[in-house]
Structures are given as structure tokens and as C-alpha cells.
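Note sheet for the following structure.
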Amino acid sequence: MDKSVKVPRIGIIGGSGLSKLLSLSDVRRVKVETPFGDPSDELILGALGKAQVAFLQRHGPGHQIPPAQINVRANIAALKHVGCTQVLSLSAVGSLREDCPPGSFVLVDQFIDRTIQREKTYFGRGLVGHVPFGDPVCKRMRTALAEVATKLKLTHVNGGTYVVMEGPQFSTRAESNLYRSWGGTVIGMTAMPEAKLAREAELCYAMVAMPTDYDCWYDSHEAVTASLVSERMERIAVQANALVEQVCAVLSAHQESCPCGCDRALDTAIMTHPSSRNPEMMVRLGFVVPRIIQSPGGGPK
Ligand SMILES: CSC[C@H]1O[C@H](OP(=O)(O)O)[C@H](O)[C@@H]1O
Ligand SMILES: Nc1ncnc2[nH]cnc12
């Protein structure tokens, strides 16, 4: 890999209706091959103001990849490989709460993972690991997002639970009401396993959820359709871009180690004895977390 590609960057994952960043300059596209297969698309490297970023369309060019078939392991591995240390993820969601209307922003701090069909870990037989996940979102990133959202006078809620459903069909009304009774704030199909894999990759991760609809629970509002999601995302794109651009300026100043410990998640994670670790799995994990093989004596035990 060209060395100039690998500088400290902010990874930005764009979801439905957010296929590009409006003010990106010095743009170049790179194809990253990973031991986990191909990411959803080439990464778009560039500068957002003074911040170096890597943008990835989650559903691929022209929205070809459905939520359950996104190769999230490759997406996260590719972002890490080009030097990303923080990942800002954007997702169009249904709102489960009256006070998070379409057009607002929810700075998510928790998830309920209801997905069933997806590859969710870089670990496995021969290399067993369990990362802490009580606080799945990086507090330093979420604080920065809240400050910028306030400065931009965006309607936003700081904190909220994102229920991740399998899809691709939207929920039944009974399910939607069940998720509300669980304390869900928003519902979408893509935040998992993204957040889990970001933690295993020792990346800081934050999720900006953008409600486009009230799912199907709210009788006096239109129930969700894919067309409604696209239409509402078009309306919010300029505000979403402003939030991303301004928060990247703050995130790019995060040079020191993460106070929440996101960048050291593997320190306490690995169960398999060093002499019993599968060498191929170590190499694959090493693509994502190079320190695990670069410093066998000093890296995670
Ligand atoms: C087009 S409606 C359903 C689809 O939109 C959201 O995608 P993303 O999270 O990538 O913005 C939602 O999670 C579903 O995947
Ligand atoms: N109601 C909804 N359910 C799941 N994903 C969504 N994305 C946007 N709206 C959604």
C-alpha cells in the first residue's frame, strides 16, 4: 500500500441517502483487499477542511448491497488499514419515540442487536476473544458530536438506543410496539455488527442516526416505506454534511490515546493461550490490529 494513504484518518460510513460527502477535496479512490473479502466499495480518501477522512458507502455504489449481505468485517478492516482511528457512522432510521421526529438527529449511545445472519467477529475457533461492550459508543466522539450539533442548532437528542433488526422487510406493528416497550429510541438495519467489529478493531466508533419516519407504530403518521426514507434523507443531507464536516475538525484533534479505552480493547480480550493460537487467524487479526503481531511480547496477552 502507498504509504501516503496510511495517515491518521476519520472513517465515515454513509448509509441510505448519503452516498457522498459534499465538501470533500483532494479526492482519491483506493481499492483495499482484506483477508475478509472485499469492502462494499472503494474507499474515497480526501480532506474535509483540515481533517483527513476515508468515506465508504455502506450499501455500495447505487445501493446494491442489502443490510444482511454487507461485508462488515471487510469494511471495518479496510478503514483500519488506511489509518482510520475513529469511525463515524451514519444511518437512516425509524423513530420509536415521538420526541425524535423525522429530520432530527439521534446521537446513539446503546444498541439492541436483533440481527441473526451476519458475521459478527474477527475471532473464532483457534483464537477466542471477548471484548468489553457495555459502552459501545466512544464517549469522546459523542461529546464532540453533541457540541457541534448544539452549535449548528440541529434538533438532536444526545443518547438513545438503536434497535438493529435483520430486515430487509420493515417491522410489524406488534414488533414496533415491542421495541418501544424495551426502551428503543430508533430502529434500523445496519448498526450491527458494525459497532461490534469496530470495537474488536480497536476503533473509536460513534453512530449518528437520522430518523426518516415513525416506523409503523404511530397511527396518525405515515408508516415507513423505502421511498419515504429516500425522500426524507434528501431533505436532511445538507444538515448531515454540515454536522460531519464540523465534527471532523474536532475529531481530527483527538491525537492522544482514547480516554474510554476503545483503542486498547484487545488488552483484556484474548482467552486462547499464546501457544495455542491459530497462526492464520493471528495473521488475519493482525491485518486489523497490527500491534497484536508486531509486538508479541508487549501486545495483548
Ligand atoms: C432504505 S430503508 C432501510 C435501510 O435504510 C437504512 O440504511 P442505513 O442504515 O445504511 O442508512 C436502514 O438501516 C436500512 O438498511
Ligand atoms: N422504520 C425503519 N425500520 C428499519 N430501518 C429503517 N430505516 C429507516 N426507517 C426505518
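Each Cβ is built from the backbone N, Cα and C atoms, and glycine gets one as well.
Heads up, TrEMBL stuff is auto-annotated, nobody curated it.
Bear in mind that the values here come from a model prediction, so they are computed numbers and not experimental data.
As given in TrEMBL:
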- 9-247: domain 'Nucleoside phosphorylase' (DOMAIN)
- Ser16, Arg58, His59, Ser91, Ala92, Thr190: phosphate binding site (BINDING)
- Ser171: site 'Important for substrate specificity' (SITE)
- Met189, Asp213, Tyr214, Asp215: substrate binding site (BINDING)
- Ala226: site 'Important for substrate specificity' (SITE)
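Taking the features listed in TrEMBL, we show where each one sits on the structure.
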| residue | record | contacts (Cβ under 8 Å, 6+ apart) |
| --- | --- | --- |
| Ser16 | phosphate binding site | His59, His63, Ser91, Ala92, Val229, Ser230, Met233 |
| Ser171 | site 'Important for substrate specificity' | Gly94, Met165, Tyr179, Ile187, Asp215, Cys216 |
| Met189 | substrate binding site | Pro67, Ala68, Thr115, Val164, Met165, Glu166, Gly167, Pro168 |
| Thr190 | phosphate binding site | Gly15, Arg58, Pro67, Ile70, Ser91, Val164 |
| Asp213 | substrate binding site | Gly94, Ser95, Pro102, His221, Glu222, Ala223, Val224, Thr225, Leu228, Val229, Arg232 |
| Tyr214 | substrate binding site | Gly94, Ser95, Leu96, Glu98, Pro101, Pro102, His221, Glu222, Ala223, Val224 |
| Ala226 | site 'Important for substrate specificity' | none |
When neighbour density is defined as the number of other C-beta atoms within 10 angstroms of a residue's C-beta, which of the binding-site residues Arg58, His59 has the lowest density?
His59
Using the recorded phosphate site (Ser16, Arg58, His59, Ser91, Ala92, Thr190) as reference, state which further residues of the same chain have their Cβ within 8 Å of the centre of those residues' Cβ atoms, listed in sequence order.
Gly14, Gly15, Gly17, Leu18, Pro67, Leu90, Gly188, Met189
Summarise the model confidence on the domain 'Nucleoside phosphorylase' (9-247) as a single mean pLDDT, whole number.
97
Of the recorded positions Ser171, Asp213, Tyr214, Asp215, which ones put their CB under 6 Å from ligand 1?
none
Helix, strand or coil at His59 (phosphate binding site), per DSSP?
coil
Maximal Cα-Cα distance (Å) across residues annotated as binding substrate, namely Met189, Asp213, Tyr214, Asp215
15
Filtered by Cβ distance under 6 Å to ligand 2, the recorded positions Asp213, Tyr214, Asp215, Ala226 reduce to Asp213, Asp215
